[in-house]
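Each remark here refers to the structure printed beneath this line.
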Amino acid sequence: MLKIYNTLARAKQTFSPIIPGKVSMYVCGMTVYDYCHLGHARVMVVFDMVNRWLRSSGYEVTYVRNITDIDDKIIARANENGETINALTDRFIAAMNEDAARLGVWRPDLEPRATDYIHEMIAMIVALIEKHHAYAADNGDVYYAVSSFASYGKLSGKSLEDLRAGERVEVDAHKRDPMDFVLWKAAKPGEPSWDSPWGPGRPGWHIECSAMGARHLGPHFDIHGGGQDLQFPHHENEIAQSEGAHGCTFVNYWMHNGFIRVDDEKMSKSLGNFFTIREVLEKYDAEVVRFFILRAHYRSPLNYSSHHLDDAKQALTRLYNTLRGRELPQLDIDWRQPEAERFKQALDDDFNTPEAFAVLFELASEANRTGSAVQAALLKALAGQLGLLQRDPDEFLKGEAVAGLSPDEIERLIAERLAARKCKNFAEADRIRDALTAQGIILEDTPQGTSWRRS
């Protein structure tokens, strides 16, 4: 039975969908003004894993991940680049989809773009004003009145008094309360705007997700996910907006993945340790990055370093070596089989991927010890639940290096080494082996010939 850690309840809870057999899930996606970074990669991969496991468990899933395509940062970047907002956002949406595909992430069922839902956002703001949860200021902005929502702070576990005392909030004379947040921003010269009952303007960030979630999943749905950094204020504000407008529970299960740290420091541009997905994929195979992300529990902090990526590469190489050169039988997973049952128990326990990985490595050890093709096939099938180990082993082990020798060049050198050995020129053969080793190429001489892989 699946259990999920619910941020709202601060506990693991047995998952019980609103409609038996069906799951509605919304995940906050990217603001598309730049290339996706490692934090985005973690959100993509973690909730892809959740999506895969829910489907494997027999649920019919509707997975929505939004795209924020209007925002202060987007406007600033478009102006800085001298390009239109549409050109900027289209370019980075395409780049985001390329990055996600390389990481083995399945496309969500729906990817709504905020600018296509302005009508729904305006309608929700109108409802909030009618229900006295929001007010129009004299400057054309519309604000949510947080004091009107009695349970504001329930997701973050903070009272309004604590928030007022502890949060640094920009002073705005148009607000009735410093904690009130904007639902609609009055138009500024040179910025895109839409007509509304309060004059031309554009939506605030928080209302976008509330409106898109309700449009596609209804006012009450099963799972809402995102990075831990969104818990407050974004998700807190979503609850206030959605429950204020619709008068019912917004989401049953709130899931938040942990932060990315770089060499045990917070990842940030100011510290100079900020990496895009593309920068990381210049150095590491995309499956290694996916493996690295999933090896940690999704709620734990994830520490990025070259040491940890190298370790992930070695671990994944070990698993692929188990599959290499074997004729694997077609296998439908029997979840009553001991290793499969333990794997399922791990993922049913709040998606405990570290425990699931432990099962994979035990299977690899057993397959290597016994030579069992059935054990190796089960290893591949279970890893497939996580989007791993589905390539031809040689494709991974001999895969294109980010830099250095190509497979054709390696094969040529191996042939030269073989010729040198036949001529008993062992010094030349050793020189070629050493040169390949220096390039990270490991040779394995067998009676059937010489095979190779990247270290």
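Keep in mind that glycine also has a Cβ here, set from the backbone N, Cα and C atoms.
Feature list (source: Swiss-Prot):
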BINDING   Cys28, Cys209, His234, Glu238  Zn(2+) binding site
BINDING   Lys269  ATP binding site
MOTIF     30-40  motif ''HIGH' region'
MOTIF     266-270  motif ''KMSKS' region'
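Using the Cβ center of Cys28, Cys209, His234, Glu238 for Zn(2+), the list of other same-chain residues with Cβ within 8 Å runs, in sequence order, Trp205, His206, Glu208, Ser210, His224, Gly226, Leu230, His235, Asn237. According to DSSP, the motif ''HIGH' region' (30-40) comprises 3 helix, 2 strand, 6 coil. Here the binding-site residues are Cys28, Cys209, His234, Glu238, and the one whose Cβ sees the fewest other Cβ atoms within 10 Å is His234. In the predicted model, the motif ''HIGH' region' (30-40) has a mean pLDDT of 96. In three-state terms derived from DSSP, Glu238 (Zn(2+) binding site) belongs to a helical segment.
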